[in-house]
Amino acid sequence: MKVAGADEAGRGPVIGPLVIVAAVVEEDKIRSLTKLGVKDSKQLTPAQREKLFDEIVKVLDDYSVVIVSPQDIDGRKGSMNELEVENFVKALNSLKVKPEVIYIDSADVKAERFAENIRSRLAYEAKVVAEHKADAKYEIVSAASILAKVIRDREIEKLKAEYGDFGSGYPSDPRTKKWLEEWYSKHGNFPPIVRRTWDTAKKIEEKFKRAQLTLDNFLKRFRN
């Protein structure tokens, strides 16, 4: 029986893409993933994940990757959950080897609803199980999670080579916030790697626009 797992990396950052990976393997090869030490990707360092990447790919029958750009995230018509459903389905439908059972790390507080939303849009018949923290429960989801994180880390390194070191890209990172403020101060806008609909970006934009408005009003009074 073919078993698939799907997970994402990069839902929360204000900078960079969202990466979704679907991975499929013959059920009796899951023990090979266990032997590799595949587990919840959050428990592994970036170096450990990078080291596991090629080993995981060798075990898998197939995997697919969907990269969702900041522009697509900002331009979404519905919620982030709906965007994830759409792109999880895209990744699962892209698999050349179709699974009979699919395990997914649920982005929805109602895991069963998340599973049904995906199952109903698949181009093939499969049982879909969505659970919270599935990446810590099922090796095939852990494998998908590791691949997604490594692919996103590689994308982030490319962006840093072009735009400079913006830290982790998460709103809670002071380096990221400092980089965003400095970039906006210098250019009067954000580059395409930034999710402009995120509160962090919106607040910085509003702050600079208020400052500019105050300056404009001051200069207007001075000229009068």
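Glycine too: its Cβ is placed from the backbone N, Cα and C atoms.
Of the residues Asp105, Asp108, Asp153, Asp165, Swiss-Prot puts just one in the divalent metal cation site with Asp7, Glu8: Asp105. Fewest Cβ neighbours within 10 Å among the binding-site residues Asp7, Glu8, Asp105: this applies to Glu8. Each of Ala6, Ala9, Ile20, Val21, Ile104, Ala107, Ala134, Asp135, Val141, Ala144, Ser145, Ala148 belongs to the same chain as Asp7, Glu8, Asp105, is absent from that list, and has a C-beta within 8 angstroms of the C-beta centroid marking the divalent metal cation site.
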